[in-house]
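Copied over from TrEMBL, here are the features:
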- 1-18: signal peptide (SIGNAL)
- 10-436: domain 'Major facilitator superfamily (MFS) profile' (DOMAIN)
- 68-88: transmembrane segment (TRANSMEM)
- 100-122: transmembrane segment (TRANSMEM)
- 128-150: transmembrane segment (TRANSMEM)
- 162-184: transmembrane segment (TRANSMEM)
- 246-271: transmembrane segment (TRANSMEM)
- 283-306: transmembrane segment (TRANSMEM)
- 313-336: transmembrane segment (TRANSMEM)
- 348-371: transmembrane segment (TRANSMEM)
- 383-403: transmembrane segment (TRANSMEM)
- 409-429: transmembrane segment (TRANSMEM)
Amino acid sequence: MLPARLIVVLLGITFATSFQYGYHSAVINQPLHESGEHPLEKVKFIADFIGNISESRYGVSNESYKTTVASICVTSFIVGGLVGALFSGIISNKLGRKKAILFLTIPCLTGTVLVMMCNLTRSFEIIIIGRFLIGFSCGAYTAIAPIYLSEVTPVSLRGMGGVLNQVMIVVSVVISQMLGLPSIMNTDVLWPYLLGNNPTSFSMIPWALINPEDILHELDEFAKELDVTSGKAGLLDILRKPHLRLALLIALTAHCGQQLSGFNGLLFYSVELFKSNGLSAAAANYATTGIGCVLLGVTIISIFVIDRVGRRVLLIWGLCVVLTCLLIFTLCMAIKEAFQMPWLVNVAMASVYVFVCGFGVGAGSIPWFLVVEMFSQDYRDTATAIGVAVNWTCIIIIGLGFIQLIKYVGVYAFLPSACIEAIVILILYKYMPETMGRTPTSIEAELKCKVSVNRASHNEPQVQEFVQLEEGMTGVVNSEQKC
């Protein structure tokens, strides 16, 4: 049974960090798009706000200008996230995990206050500045939180701690979707407060900063890592070692598989699917919120499975489900358009829900903490920062590219994601080790073995190679044996 103090620490960490990321990444969608079915309700609050201000200032209020500035409001969060991810290693190393989380609340809270003041100050610029500051904190949070969760959680329960990170992200997304309904906060008066409506979560920060004294005995292997480390390593130190390059490849592949899976695009397309099936715009928004609830349920279930089944199985099989559903969705929509078979929309809708289940059970959570489990302490911060930076870069690619794909190729926009997922599955199947219940030193030893066998198979297939293990033991690995 988990110690009560550990439960409080885990909830506090995720509420102070992951909740911010999930809420602010999703909340912009509601006031940015049409909020209702009645013509008077079809208002893009942010775009209209920008148009009114620009017209009063400069006499400019065309749709192109409003769309461009609104897009900047959206992407400022993502750009801030990328910058925050790149600086996360430096901040974490200088301040430590707990102080870093506390420090990052300053730009996050400042940003939320700025966003909420946009109506009062009649300025859309502070939305851009505010969301950049929020994004900076969230980008760093996505790197620091998985590390901190891993370091305060027993080895046997690290999967649960890692999935809890994703659970809190999904919870915050669902909350933002619910608050963003027209009947609650997505109104002409309340939308600025919707965008910055979670500073109350900072009340959990003192709980996140509790020193988990009664679980320190669970961190023996972490202390051993610290004893053998020679200091914090940089990117070049990782690239110089073949087995660490392989570990970084696995981690980056998992992050790409998560963000380039087409999940966000499928959610975007699901609204149109629900509308084409006879639902009103408002009902379609409620149905999309239901998808978020399904994702939450599946993610919660994975908490109790991940430390029994393992990361490798859940991630690879989850991605296989994702790939299958992408192909089914594309095939159904293409046949429906070509041969006028409307009943295929129901199959496509079902594939969306199955897709969400496959995504939630593995790809949604595992990439965030996989890098933490594969790298020892001296390489962990740098590797995590690189992985999270790649994750945010993929978000930018999807944000800029998916709409263009929809515009030019329509329902076939998900085929690139399907191809990427197929490549990701092959790479992970061949190289990804099982990290459940293992220390980074044993995982690094296995990766050294894989690298040695690959070299032997290309050069001298019959030669045995010696591999120096982290524990100081010397092992002999036959090049024809499986690691």
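Positions of Cβ are set from backbone N, Cα and C atoms, glycine also.
Heads up, TrEMBL stuff is auto-annotated, nobody curated it.
Same-chain neighbours of the transmembrane segment (162-184): 10-11, 14-15, 18-23, 25-27, 29-31, 35-36, 41, 145-146, 149-150, 194, 197-198, 282, 285-286, 288-289, 292-293, 295-296, 299-300, 302-303, 306, 360, 364-366, 368-369, 372, counting only residues six or more beyond its ends whose CB sits under 8 Å from a CB of the stretch. Nonlocal intrachain contacts for the transmembrane segment (283-306), taken as residues 6+ away from its ends with a CB within less than 8 angstroms of a stretch CB, comprise 159-160, 162-164, 166-167, 170-171, 173-174, 177-178, 181, 267, 270-272, 274-275, 314, 352-353, 356-357, 359-362, 364-366, 436. Between the transmembrane segment (68-88) and the transmembrane segment (409-429), fewer than three CB pairs separated by 6 or more residues in sequence fall under 8 Å, so the two stretches do not touch. Beyond the transmembrane segment (383-403), the same-chain residues lying 6 or more positions past its ends with a Cβ under 8 Å from any Cβ of the stretch are 74-75, 78-79, 81-82, 85-89, 139, 142-143, 146-147, 235, 238, 244, 247-248, 251-252, 255-256, 258-260, 262, 264-265, 268, 367, 371-372, 374-375, 413. If you average pLDDT over the domain 'Major facilitator superfamily (MFS) profile' (10-436) in this model, you get 82.
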